[in-house]
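Q: The structure under discussion is supplied below as structure tokens; questions concerning it will follow.
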Amino acid sequence: MSDSAVATSASPVIVQAASGEKKVSTKKAAATPKSKKSTAAPPSHPPTQQMVDASIKNLKERGGSSLLAIKKYIGATYKCDAQKLAPFIKKYLKNAVANGKLIQTKGKGASGSFKLSRSAKKDAKPKASAVEKKTKKVNASAAAATKRSSSTSTTKKAAGAADKKLSKSAAAKKNVEKKKADKEKAKDAKKTGTIKAKLTTAKAKSSATKPKTPKPKTTSAKPKKVVSATTPKKTAVKKPKAKTASATKK
């Protein structure tokens with residue numbers, strides 16, 4: 001009896017320890033989903049209220065927009081799974097009809113057609129205008145940035161073009177100067193050539209005009225005629241003068 005009593009008293013202690021281990025494991029398992037929730041990515045689309053209001057407003061159907069049309073618009077514009085969001089969309093439609101934000105033109109519950117009420121339209125306009133202002137500001141800032149970048153690029157291009165033009169003009173000036181120098185050299189060479197030619201022609205002319213120095217003639221001296229003394233010179237014979245009358249009278 002004593003042995004059985006000891007065995008029965010010991011068994012509950014073991015069971016309690018096992019239950020304590022189970023509790024610890026369940027606590028750890030419960031702690032892990034919290035970390036998963038914290039790491040979950042935020043949704044890439046706005047809340048269902050804004051999406052439904054925007055879809056009804058942009059569809060602009062006279063008889064109201066149906067649930068299918070709203071789903072299609074949300075899936076196309078916001079690129080999300082409209083089937084998963086269907087229960088949230090239905091819930092919002094019912095609450096909006098009850099609050100007076102939406103008007104149900106057809107059907108009952110969430111299966112009919114819906115339109116925005118006047119108060120909802122008034123409320124939606126300032127929100128839309130604020131969004132438009134923000135988008136305009138963003139677009140203006142982006143346009144200014146693009147203008148700045150384009151202006152900087154144009155200034156850089158203009159500077160590069162100006163540098164290229166300057167380099168081209170400098171090269172052209174150098175070429176012109178070289179050509180001028182070559183022409184001047186050619187002119188100088190021509191001048192020097194003409195001067196040399198003139199000098200040579202002048203020398204030739206001077207040499208042609210200079211009288212030639214007569215060379216001494218080496219003629220043999222001819223023997224002079226020697227007049228012999230024996231040959232008497234011919235004397236002029238004087239004719240007798242005519243006797244005058246006085247002489248005749250004697």
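Backbone N, Cα and C atoms are what each Cβ position is placed from, and that goes for glycine too.
Grabbed the feature section from Swiss-Prot, which reads as follows:
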type	residues	note
COMPBIAS	27-42	compositional bias 'Low complexity'
COMPBIAS	120-133	compositional bias 'Basic and acidic residues'
COMPBIAS	138-161	compositional bias 'Low complexity'
COMPBIAS	174-191	compositional bias 'Basic and acidic residues'
COMPBIAS	192-234	compositional bias 'Low complexity'
COMPBIAS	235-250	compositional bias 'Basic residues'
DOMAIN	44-118	domain 'H15'
REGION	17-53	region 'Disordered'
REGION	104-250	region 'Disordered'
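Can you walk me through where each of these features ends up in the structure?
A: Across the compositional bias 'Basic and acidic residues' (174-191), DSSP classifies residues as 18 helix, 0 strand, 0 coil.
Mean model confidence for the domain 'H15' (44-118) is a pLDDT of 87.
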